[in-house]
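One structure below.
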Amino acid sequence: MSDENGPSKVDLQTAMRKMRALPPNKLCFDCGARNPTWCTVTYGVFLCIDCSAVHRNLGVHLTFVRSTNLDTNWTWLQLRAMQLGGNGNANQFFKAHGCNTTEAQQKYKSRAAQMYRDKLSTLCQEAQRKFGTQLIIDTVTHAEEKPAEEEDFFAQDFGHTSASATSLSSDAYIADHKSEDSTHGPSVDHLDSSVAVPTSAPVSVILKKPIKKATLGAKKNALGAQKVRINFDEIEQRAAEKERQTAAEVAANKLAYQTELDGKKKSDDAAALQKLSAKFAMQDIDAQRKQMEAKVAKDPTKAASVDRLGMGGVGRSRAAHSVAGGIRSIKQDDVLTFKKPSQPKEDDDWEVIDDKYGKKSTNNEDDFFSKDYTSSSSKKTTKEDDFFDSFETQPVQKSRYTASSSSSSTSRAPTTRLTAGASPISDVDLQKKFGNAKAISSDMYFGTPEMDCETRSALTKCEGQTSFGSEDLWGNGSQQRQSSQVPDMSDLKDSFRAGASKVAEKWSTLSSSFSTYMSRAPPATGEKT
């Protein structure tokens with residue numbers, strides 16, 4: 001069913017199916033591709049999808065492209081252009097006007113394209129006025145009504161219909177002539193019937209020959225199939241032999257590479273072992289000792305030089321460890337006793353701690369200033385000493401260097417000594433005894449828990465204290481550090497000055513005491529009698 005604006009979808013599909021069934025419309029107008037589904041309503045030709053893209057680039061002022069399957073909103077003028085045009089009519093018109101190019105820009109901008117576009121538009125307007133909304137139109141009758149004097153494409157294309165008209169007229173003439181004598185001649189009853197005589201389509205006259213379809217497969221020659229003269233067994237045998245040779249070469253190369261790799265690895269291991277032995281391996285001392293003994297036995301004159309230079313380890317310990325021989329336990333032959341180091345008399349260049357007063361100096365003035373006169377008064381038993389003791393005397397203080405030196409000499413920390421008779425303890429017993437201990441002392445290790453009298457007296461002084469250090473226990477920490485310091489000359493000068501002033505004060509006290517004593521002296525024994 002159709003309307004005034006355009007054909008319906010069903011009518012459009014019917015008309016397109018009928019137009020695509022024509023042989024010229026089965027190929028693309030530009031490239032010749034099969035089954036085109038696009039068209040340009042400006043020229044009324046069918047195109048493929050690739051050529052439709054080219055027409056879109058040309059612009060709608062030259063060509064307007066539409067799809068025959070997807071677009072459904074066609075107008076009657078567009079449908080008339082496809083019905084009156086076609087690929088066959090367009091090809092013939094372009095060839096007649098000398099347009100044989102395949103380039104789209106030149107082809108559709110040429111003079112022939114403009115003339116064909118204008119002519120097709122005029123024919124569409126006339127057919128629309130005559131047929132209106134009729135879907136199927138008679139293009140043959142429409143072509144016959146054209147003036148004969150116009151010799152153009154459409155007149156030439158549809159000129160063959162004149163033969164049909166001539167045949168019809170002659171038939172009609174024959175029918176009229178025979179009607180006078182109805183008893184003779186052929187029957188012409190079909191002329192009076194209302195059924196129209198079918199005529200061939202004018203488009204079929206345009207085609208010279210039907211287009212042949214290309215067939216798949218190879219083209220057969222006149223000779224036909226021939227027998228192959230190739231020995232496939234020989235080819236297969238040569239291929240198998242080639243594979244065996246290749247496999248043998250690969251195996252030989254692999255074996256040679258593995259052998260070379262193993263040799264290189266062994267050489268590297270030997271070099272590494274030699275380097276390690278040169279660096280870290282210890283020589284066997286017993287073997288060297290035997291060699292040296294053999295040399296000494298041959299030449300007795302070498303014994304003195306060997307003992308003097310200590311070569312070969314002769315006379316030394318015969319037990320040693322070796323990397324190759326492993327580690328073994330060595331038993332100690334004897335236990336060495338520790339000797340108390342002798343205290344040097346001179347601690348520094350300034351003072352010597354030796355005498356009972358705590359200091360021995362090379363200068364007589366130092367001995368004079370460092371004497372304590374109050375300590376000697378307790379040893380005197382004469383009356384003169386008792387007399388001097390009755391007076392108050394100021395004690396002379398010792399110099400700080402003398403006191404520090406005397407304290408450092410008299411308060412040395414006792415140390416624990418090993419007895420010569422202590423028996424050595426084996427490693428197994430020590431491991432059993434101290435295996436789980438976190439810390440051990442030398443007394444626990446050597447088994448000497450007894451303390452000497454000096455240590456016991458020092459510990460007695462620190463009883464009752466919560467904490468004490470080595471300085472509190474032995475009393476020599478700060479004094480030893482002070483005595484080891486070198487005194488400054490200014491300090492010595494001050495000390496000498498203080499000592500001189502104290503001596504002068506002492507002499508002044510003694511002289512005043514002696515004067516007082518003489519003034520209070522008792523009368524002589526001769527006067528009493």
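Note: Cβ is positioned from N, Cα and C throughout, glycine not excepted.
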Given ranges 128-150, 174-196, 335-357, the stretch to which Swiss-Prot attaches the annotation region 'Disordered': 335-357
Tally of residues which DSSP labels helix, strand or coil - the compositional bias 'Basic and acidic residues' (291-301): 8 helix, 0 strand, 3 coil
Number of helical, extended and coil residues in the domain 'Arf-GAP' (13-129), per DSSP: 65 helix, 11 strand, 41 coil
